[in-house]
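Student: As listed in TrEMBL for this protein:
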- 9-197: domain 'Class II aldolase/adducin N-terminal' (DOMAIN)
- H97, H99: Zn(2+) binding site (BINDING)
Amino acid sequence: MSIVVKKWNELAEVKAELAARDWFFATSGNLSIKVTDDPLTFLVTASGKDKRKQTDEDFLLVDAAGKPAEETNLKPSAETLLHAEIYGRTNAGCVLHVHTVDNNLISELYAQNGEAVFSGQEIIKAFGIWEENAAVRIPIIDNYADIPTLAREFANYIHGDAGAVLIQNHGITVWGRTAFEAKKHLEAWEFLFRWQVKRLLLQRAGLPVG
Ligand SMILES: CSC[C@@H](O)[C@@H](O)C(=O)COP(=O)(O)O
Ligand SMILES: [Zn+2]
């Protein structure tokens, strides 16, 4: 099996799992997986598709600049530049972007702080952090309509081979060394977002949550 086919299958599996979670509303979301390092190429979702559907036109191979690396009628994701920034600056192997109601609410609630901070949750261990009472923080950036501008701002928050950024009233972009790690981190962030939104509502209702 060629490396492209192997990576295609791996990304298709992650895409199906995120689809099963109903995280691809209204064609939103984009995913990618690195295929080669030198030269850098990665498979990225084709733009504008319903990512819940599985077809043989789901992904296309692009280069370090996010341009198609081979002849195709498909258009790479509108947000391919963000993926390219991550692969160009880190050893990440996979990038996942989803829009959920909870990640949008958290991005709006904490936008003025420039980040959202979470602590006191066992699931934080999914980030490989084992200290008691550890806190995790996710930066929140403005949602520029101009993608090169968004990618430049986003690049300021790419600090390692695994990470995540919330784009205000838009969605989350998560990356990891492997597809497994990226998906694990995405699920952990979405757990924390959902927990916090529910917690705030329960607090508001006067229920005894911390
Ligand atoms: C209705 S989705 C809005 C898009 O602009 C974008 O944010 C998105 O996540 C999907 O775009 P795509 O070009 O299909 O990757
Ligand atoms: Zn998006």
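Using N, Cα and C of the backbone, Cβ positions are placed for all residues, glycine too.
Keep in mind that TrEMBL annotations are predicted by a computer and have not been checked by a curator.
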Student: By a 10 A CB contact count over all chains shown, which of the binding-site residues listed here is most packed: H97, H99?
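Tutor: Comparing the binding-site residues H97, H99, the most crowded Cβ belongs to H97.
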Student: Could you tell me the mean pLDDT over the domain 'Class II aldolase/adducin N-terminal' (9-197), as a whole number?
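Tutor: Its mean pLDDT is 98.
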Student: Need the DSSP three-state call for H97 (Zn(2+) binding site) to compare against my parser.
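Tutor: Note: H97 (Zn(2+) binding site) is in a strand by DSSP.
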